[in-house]
Amino acid sequence: MSDQHSQNARRDFLKQATLISASLMAGTTYALEPRVPSQIKNLYPFFGTHQQGIASPAQKQIYFMVLDLHTHDIKEIKDMFKTWTEYSANLTSGKNVKNYGSNAYVPTIDTGEADGLNPHNLTLTFGISPTFFEKLGITKLKPKALNTLPHFPRDQLKEHYSGGDICIQACADDPQIAFHAVRNLVRVARSKITMRWSQSGFNSFENGDTPRNLFGFKDGTGNPQGEALNETVWCSENDWLKNGSYLVARRIQMHLETWDRTNLNGQEETFGRHRDSGAPLGEKKEFDAVDLEKKDEKGNVVIPEISHLHLAKKTGLKILRRSFSYASGVDPKTGQFDAGLLFISFQKDPAQFITIQNSLGNIDKMNEYITHIGSGLFACFAGVKDENDYLGKALFDQI
Ligand code: HEM
């Protein structure tokens, strides 16, 4: 660098430094107001026995994030969950993660894209995987049932949609609200975690009707409700996971082009339900009872034995499905839609999912139209009871 150049550079630097310190001394403030939606409405309570986003009625949007841990320091992780608790309580009640400060020379505490918006029924649900325990050297506290899911027939799992240590499920009736929440939770924890995989998704329905998946069928009809949730979803053993639940996530690609070439009878026989009404084959209404033994006049079973409904139901087991469709552009290899289902289910024991998935196995008629490409199993803590509690406290108290 020439003398002239370096003199100029020094002069510029000194000029900037003087400007910055002058304005800092003048106590520059900025005019960002706290997040104030015109009306605070549409919110699910954050504090409770169970985490939100499990039994809460499904919203229209999801942003699902899986994170890798980058520290083995348990104190740091505990503090991260404390911060996430505080931020989540604020976000789900329509506030920013914290109120803005007044120094315009530092990045703002909240990224701002939810300013002026109500919470749109935002729920935030947190879970940890088997590798979380391994990385932190606390495998003695890992529940016996929390293991990487077994390989299932026809699985074609991709590394970049599988694994990970922590999941955050953000659901809301507005996509920007869900994204804003995850973005800010990740941002505050950047030194401890990195992002591994994520998926956004959507569900559309009017007035609480069952949403339709991208195959055009009502999806969620057979879900347990009310009292049945206790037997299906909430962990009841007397350990740190009591009142929590297991979350299974599967990124399932749906081959829409192949499906769209299948005639209506073929589609209905695939699921074992009528497409229009959602009723079991041979019945009229969506919630009519499913009779797997029922035969037609020729003596054939009405709900085919290889239909999705027949195979799932014959296990006698229930899970709570809370899935969302996704459409993520075009598959560069095939030139077809990269679209499908971000399948999410909650159960008190992963064995419920494993048994059902094994029953679907190689025989489910739906298999020719789908490919499982992503997978994860996470233990979701119990709910945060009050301001003195935090996410995962029952676990961290035992370390
Ligand atoms: C792209 C993948 C999938 C699609 C499009 C799909 C779609 C459907 C549809 C349309 C129904 C009937 C209506 C209802 O009850 O919701 C259904 C039922 C069901 N599915 Fe799936 N499903 C998929 C994957 C799975 C997986 C991976 C599992 C679990 C291993 C599963 C478990 C169930 C269960 C338990 C039922 C209810 C059976 C009952 O009535 O007891 N599904 N699914």
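Including glycine, each Cβ sits where the backbone N, Cα and C put it.
Over in TrEMBL, the protein carries these features:
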{"type": "DOMAIN", "residues": "51-203", "note": "domain 'Dyp-type peroxidase N-terminal'"}
{"type": "DOMAIN", "residues": "210-384", "note": "domain 'Dyp-type peroxidase C-terminal'"}
{"type": "BINDING", "residues": "Arg273", "note": "protoporphyrin IX binding site"}
{"type": "BINDING", "residues": "His308, Arg321", "note": "heme b binding site"}
(message) Within its own chain, what residues at least 6 apart in sequence put their Cβ under 8 Å from the Cβ of Arg321 (heme b binding site), listed in sequence order?
(response) Asp219, Gly220, Asn223, Phe343, Ile344, Ser345
(request) Which residue among the binding-site residues Arg273, His308 has the fewest other Cβ atoms within 10 Å of its Cβ, if you could check? (result) His308
(request) Write down the Cα-Cα distance for His308 (heme b binding site) and Arg273 (protoporphyrin IX binding site), rounded and given in Å. (result) 9
(request) Could you tell me which three-state DSSP class His308 (heme b binding site) falls into? (result) helix
